[in-house]
Every structure is written in C-alpha cells, then in structure tokens.
C-alpha cells in the first residue's frame, strides 16, 4: 500500500469496512456462511459434504459461486474500461458498478426479496476486489485479511532489519477496518435485521461519489491519479 497516495489508502480502508459490514450481514442472515471469506465457505462446504448437510452445502456453494461471479464481473468492467478509456478510469468504473449492485440489493430488499438482496451483496463484494488492480492482479486485498495479516507480520519483522514501519502499519489498519466494519454490521443487523443493508448502500454511494469528485478535481489540476 506504500505505493498508493493517502487518499487511495483511505478509500481502501473504507471499502474494507464495507466488506466487513456486509460479511456480518450475510453471516448472521445465513447462520454461519460468509459473503467475503471464501476460505471459510470452502471449509463449510467440505464439512457439509462429509456430514451430508444439503442445506449448508447449498448455502456455502451458492456464496462461493456468487462471489466468483462478482469477481468476474468486476474484472470484466476493469478490462473493458481500461481498453476504452485507460486504467485510471477503470477503478472509477468498477466502484460505480459495485455501488449499483449494492443499490440493486437495497431495491430488492425494499420489494421484499430478502434472499436476493443478500445474494447481490455477495456479487458486489466479489466485484469490489477489482477496484485496486494492477497488471491483472489484485494490488490491495479489500475483502479478505489472511494474506494482509501475513504481510503485516512479515513487514513487522522487516522493520527490525531496516524496513519501513508503514509497510506493516497499513496492512494492519486494513485488517482493523474490516473488523470494525464487521462489528458495526453485526450490531446494526442484530438491532434492525436486513434493514442494515440500507445504511451500507448509502455509505458506499457516498464513498463512490467522494472518490469521483476528488479524482475529477485532481484530473483537472493535472495531478497524479
């Protein structure tokens, strides 16, 4: 994350919080299945197969598939926009696409389709992983923290051998933001149920609009994007 500007790091932390919040909604709604933690879902799927738990097998498998669909949709948007307008527009396009998916989730919830609303959240979280992408690879992990914590631990050790302190602080902050988002999401869901989707969507739209305004301003001033 050290190669990104401060504003970009702030955006990444906000999106990590969104992922944590949404994951709590899915976990509590489904009763133990994740929307962003696919390692956990893979384990749940494997256990359900052994235990012949068809309901859990279906839930875990569906979440994995929906997440992958979201990843592919996000990657497709990124590739198409990069080819047409350049990579600097691609991040903006992916973020707008994710916001639209979350908005569709809120609309589905308002129309009474609770299951569809949560399914769309899973697609949106998958697509979110293409917001920070370089050379076809995810450069900042937004929706999972296992690798982020590994990086933080490695960079912490490196700091005793001449490495930069910020090299481990930023990954750790990403993990903290996701955890804080998960706590907030759990609290809101516990008290309001799936209505928790509405403030999440509103927050993401605010983040998306703010990102667009800031980047347009930097673009007009000829500053790096």
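Each Cβ is built from the backbone N, Cα and C atoms, and glycine gets one as well.
Now, the feature entries from TrEMBL:
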type: TRANSMEM; residues: 12-37; note: transmembrane segment
type: TRANSMEM; residues: 57-81; note: transmembrane segment
type: TRANSMEM; residues: 93-110; note: transmembrane segment
type: TRANSMEM; residues: 116-132; note: transmembrane segment
type: TRANSMEM; residues: 168-190; note: transmembrane segment
type: TRANSMEM; residues: 196-214; note: transmembrane segment
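Of the candidate ranges 57-81, 93-110, 116-132, 196-214, 116-132 contributes the most Cβ pairs within a distance under 8 Å of the transmembrane segment (12-37). Per-stretch counts of Cβ pairs under 8 Å to the transmembrane segment (168-190) identify 196-214 as the leading one among 57-81, 116-132, 196-214. Only residues 6 or more beyond the boundaries of the transmembrane segment (116-132), in the same chain, are considered here, and those with a CB under 8 A from a CB of the stretch are 4, 8, 11-12, 15, 18-19, 22-23, 25-26, 29-30, 35-36, 62-63, 66-75, 77-78, 91, 94-95, 97-98, 101-102, 104-106, 108-109, 138-143, 194, 197. Packing against the transmembrane segment (196-214) from elsewhere in the chain are residues 7, 11, 14-15, 18, 21-22, 25, 92, 95-96, 98-99, 102-103, 105-106, 109, 117, 121, 185, 188-189: each is 6 or more residues past its ends and has a CB under 8 Å from a CB in it.
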